[in-house]
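Visitor: Below, the features straight out of TrEMBL:
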COMPBIAS  663-674  compositional bias 'Polar residues'
COMPBIAS  679-689  compositional bias 'Basic and acidic residues'
DOMAIN    19-650  domain 'Major facilitator superfamily (MFS) profile'
DOMAIN    450-505  domain 'Kazal-like'
REGION    275-306  region 'Disordered'
REGION    662-689  region 'Disordered'
TRANSMEM  57-78  transmembrane segment
TRANSMEM  85-106  transmembrane segment
TRANSMEM  197-225  transmembrane segment
TRANSMEM  246-268  transmembrane segment
TRANSMEM  334-355  transmembrane segment
TRANSMEM  367-393  transmembrane segment
TRANSMEM  399-421  transmembrane segment
TRANSMEM  533-556  transmembrane segment
TRANSMEM  622-642  transmembrane segment
Amino acid sequence: MSVESKKTRQACCSKLKLFLVSLAFVYFAKAFGGSYMKSSITQIERRFDIPSSLIGVIDGSFEMGNLLVIAFVSYFGAKLHRPRLIGIGCLVMAAGSFIVALPHFLQGPYKYETSMSHNTQVNSTENILPCLSNHSLSEKDEVPDVEAMKACEKAVGSSMWIYVFLGNVLRGIGETPIMPLGISYLDDFSKHENTPFYLACIHTTGILGPMFGFMLGSFLAKTYVDIGFVDLDSITINYKDSRWVGAWWLGFILTGVVILLSSIPFFFLPKSLPKQGEEEDGGNKSTELASGPEQESFLPDENEDGEDKEKAVTFKEMAKDFVPSLKRLFRNSIYSMMILTHLVAVNGFIGLITFKPKFMEQIYGQAASKAIFLIGIMNLPAVALGIITGGFVLKRFNLGVIGAARVSITASLGAFSLLTLQGFFHCDNAEVAGLTVAYQGYQQVSYNYSTLLSPCNMGCSCSMKHWDPVCAYNGMTYASPCLAGCQTATGTGKAMVFHNCTCVGDFMTPAANMSAVLGQCSRKSDCDYKFKIYMALTVAGAFISACGATPGYIVLLRSIQPDLKSLALGMQTLIVRTLGGIPPPIYFGALIDRTCLKWGTKQCGGRGACRLYDSNAFRMTFVGLVTGLYFLANVLWGILYVKIIKRQKKLALRNQAKDNALEGNTQNNGRANISISTNKEEENKESSI
């Protein structure tokens, strides 16, 4: 081998490594931005006072962007300059992130819902009469004037969530080329025995993105939305309050900058490379359609006339070949079954990850910032370790398609078992007078607004729409100081204390402490213990489930023809993103909305975001949906495994027949004379060679 040839190989290897590092970083960047969006769902919902079903539409808009261009990018992009297309996609993603943050600068300061005006210019002497100050608020319970409401909404910018929707669509469009073009480019030019390890490295690096995204989301969820623009001492709520909104906009600016930086290397990479570990044969032939020996033996035979011919093709010829390529792809039953299985599993996963912070907040009484932080610091490292473990197992034991399928289905069954156990560890409903429990000394009739009124607060003319919770000494939460029957208040800001609350005491203890403080009461002590068990189960389940990710991906890659690889990955992304990414946040959100006990009130009137859920109904709805979808995914995995076994046996028999035919031809060429008995009389005679 000449010195020039060695230098060429080293340069090509260094370019492949550069692409590997660049792709890993862009996976990190897109996951960083995507996970931050997931962590900000609750903040966006509160900031724009929208229900969970609408926030599901906003969350699904990312997949809508993918849907617009994925098929064309995957098919035509495979025949164009793949690294450059990935770089352009990153630029579009960055622009989308900046647009998402735009509403913060276009609308006024956030005004949270409150039942009374908290004066911060006074000292700690008694100065506010909660019960008497609400006489005028009863008017707000009436239906507001439509024209006045429209004028108010226009003034406060209540439709600004449309910018978040459009920016997220743009993020989805920009993310489109990364997976199908990046993975196919890497698989085309790397050794096939190295592909599982490379994929594991990329996905493991990518999982660091969600870790940082959720941790950033947790930090900014504790930072007030209008920080630097308002006096924080005048804010009467803290980050644990359901009306609190964090600095969600700042994270989108940061993630946009990171994605922008990740685009740079792709503009300096070539369109194609020689196959890793192979010498160039004097020409400049690309090995884009090279396939590994295992893949060749697993795939069914097809007529591939003309596939190896390197010739320039026009856009018209590529378009003409698009439909036949789709037909070839979906005639592959293993591929079609993999798509269906993955689709069902992704439905469960997207619904789970979208509303998991809200689930932890409502079921276990955790602050939104803490829930996001725990997901980022505990669940996601377990996922990263699981992905790298799955890739290591494949490489260490040199598992084929069947071995990879066994690892994947075992991991899926183990994760499903732990998911089922999680439903048994939960806390009771938060005790809120008139919503989840009766007022002391009075009988609860049903969960509706009429029960918020009681003889103890009937004379206060309280508004039943507002949510301004206070916690009394008895551990019970009241929807507002007025509904607690509080007569006076002292202190300012977060330190305000309400006194002589007639609904706090009961007939048996009239001399008890009848004061209350701002905010909801903490859950019972055993709730923390149950939450720790829940987190342990989720961490173990995340690790086991992730162990099957890389093996499952290898089954998919090895079940498709090499020339259809980019199209297959693109169609998988298209179908899964369309039916697995868009609907789950919407139908999960709509069903979760049905469990709401207390809706907030918008600044201009009308129903805002939900402030309190029936935790039992929430848990049964949420866990039931996720468990049902994962059960169906496991059933489909079983059917898929049987199909893989059958195909492998069929191909083994076909290969054995070919070997026998080849052996017979070899013997004939060696002038071996074999006489085979054809008559019954010669049946016992031996063949002579």
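Each residue, glycine too, has its Cβ placed from N, Cα and C.
Bear in mind that TrEMBL entries carry predicted annotations, made automatically and left uncurated.
Model, not experiment: these values are computed from the prediction.
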Visitor: The transmembrane segment (622-642) and the transmembrane segment (334-355): do they have three or more Cβ pairs under 8 Å, with pairs 6 or more apart in sequence?
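Guide: Checked: the transmembrane segment (334-355) vs the transmembrane segment (622-642), in contact.
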Visitor: Is the transmembrane segment (197-225) packed against any residues at least 6 beyond its ends, judged by a Cβ distance under 8 Å, and which are they?
Guide: 20, 23-25, 27-36, 38-40, 42-43, 47, 104, 110, 183, 186, 190, 232, 235, 239, 244-251, 254-255, 367-370, 372-373, 375-377, 380-381, 383-384, 387-388, 390-392, 395, 549-550, 553-554
Visitor: Quick check for me: are there 3+ Cβ pairs below 8 Å between the transmembrane segment (399-421) and the transmembrane segment (57-78), leaving out pairs under 6 residues apart?
Guide: no
Visitor: What stretch, picked from 57-78, 246-268, 367-393, 622-642, has the most CB pairs under 8 A with the transmembrane segment (533-556)?
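Guide: Most contacts with the transmembrane segment (533-556): 367-393.
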Visitor: So what pLDDT does the domain 'Major facilitator superfamily (MFS) profile' (19-650) average out to?
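Guide: It averages 81.
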Visitor: With DSSP, how much of the domain 'Kazal-like' (450-505) is helix, how much strand and how much coil, in residues?
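Guide: Final tally across the stretch: 9 helix, 11 strand, 36 coil.
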